[in-house]
């Protein structure tokens, strides 16, 4: 096997596990899972959620991690398993680029709130607008509204004030008017908000500094970024559990509504949440796993990380609903009236609840610091995925440390510049559109194609042999069932159901922009497929390159040339696929050549896609 360039590795294996936990555990664990849980039946939602984890999340996570560890390269360069589908790796990196750009904007929001929290009087507590004068007002009458129009705490006339008007909370107004300067529509992009622009620049500067030395520096930072949020979550949980009404909130969180399970939306939400929360199909799992030792027990890690991720979501739910129970108590309204999905929970409801707590400044600083750390832990891995992929693809271009550093500067600056439209007055609406476009059909289709290429075209038996070369044993029967049948079927079902639920966009050009982003992410798969097929011939390039199969020898090399157990007749009793004493690549039998692992290579020495054995 030809010598490969020396590649960085994790200093310790715990660094890989912590990085993967940090990559998977993000802002969505704090607000999205709890919201979906009470929306879809409370405790009953845990049933489709756990089933989705077992039959969709863990299998796809394990597939990508094993694929990356065996290939030892980023998502662009790893496709010697099937060169025809290198466009699949390009699609992953393009999706990561979109996420890399807009996810930093959310971190910028958190940084903006964090800076605003360093004050004795939190700015989102008091009403500074006519539309919030009636918020939380009790026994409102026409007479009292008339008095407030001319005599109120704002010192201005509020002539549009009405008893039937919807009253906004001070925290809601602060988020939309002071933080986002929201224009109300993507059609009105407006001016750049310089505070968010500065926060976005600071966020990218932090990313550059942390990733200056690549995987070596990332491996050290994750000791803090992947663990400290759990410390803050626990502190917040203890405080929130002491609030009046916390028990009712937790009870609402866990009480099952079994009727909700008959709604297909609950099952779809569970599948999509598991799929996206594990950060599958964006190349990050492949890139991070490629820095592992060849013989690392990747199957063990593939169970640990998804389970920790899901338990984090469940744990965060207690913090969320303790707070919501408290808010419902002081407002004397049902819990479902004080919560919201999406950013509303993190940037509207939480600030309001924190503002009502004793020593509110301290809790605001801790909460938004935790949000920023959660965001950075995900963003670090997303950024390194993009950088690793391109450096692996063009090793000659980035041979020196200086060039790699300049490239990292370029990536961060490009992300900052491309994100400028999202820090405008209409930028939050553009961000939501990009999020919906990229985290929708593209990732689901990429996942489906991964199963097709790796498990069905390359073949489960061959991939099992690759896993055996790393671990010394075959994948469990659980993985055979999920990889071959169950997970692809679930992905296809979610894609069809999502397409069925798709609604038309109100504004034509917004819909056009949505579909252009979807097409730009996915077009690399057919383009590179047909390009390679026309250039090299379809049959030859559909087969794995010899260099891919030869990597199986790395397992023995890493273990000090330890040999597999061989029976008296010269075959491997534990795995008949992996027989190292088969005829060499030049051996001929019945007119065909066979590689060292017993696969028919064809008379011209090129690998055949069939599983014909000697």
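In case you wondered, yes, glycine gets a Cβ from its N, Cα and C as well.
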The annotated transmembrane segment range in TrEMBL, which must be one of 121-146, 147-172, 303-328: 303-328
Annotated stretch (transmembrane segment, per TrEMBL) among the listed ranges 16-34, 339-357: 16-34
Tertiary contacts of the transmembrane segment (481-500) (same chain, 6+ residues out, Cβ under 8 Å): 52, 55-56, 58-60, 63, 264, 268, 271-272, 275, 440-441, 444-445, 447-448, 451-452, 455-456, 460, 463, 475
Most Cβ pairs under 8 Å with the transmembrane segment (405-424), selected from 192-212, 303-328, 362-384: 192-212
Cβ-centroid neighbourhood (8 Å) of the Na(+) site, 22, 24, 25, 29, 277, 309, 374 excluded: 21, 23, 26, 28, 279, 312, 313, 377, 378
Selection from 46-67, 88-111, 267-291, 362-384, the stretch that has most Cβ pairs under 8 A to the transmembrane segment (16-34): 362-384
Feature contact check the transmembrane segment (46-67) with the transmembrane segment (439-460), CB under 8 Å, 3 or more pairs: yes
Chain-internal residues, separated by at least six, CB under 8 A from residue 24 (Na(+) binding site): 277, 278, 279, 305, 306, 308, 309, 378
Any contact, the transmembrane segment (267-291) to the transmembrane segment (512-531), with at least 3 Cβ pairs under 8 A: no
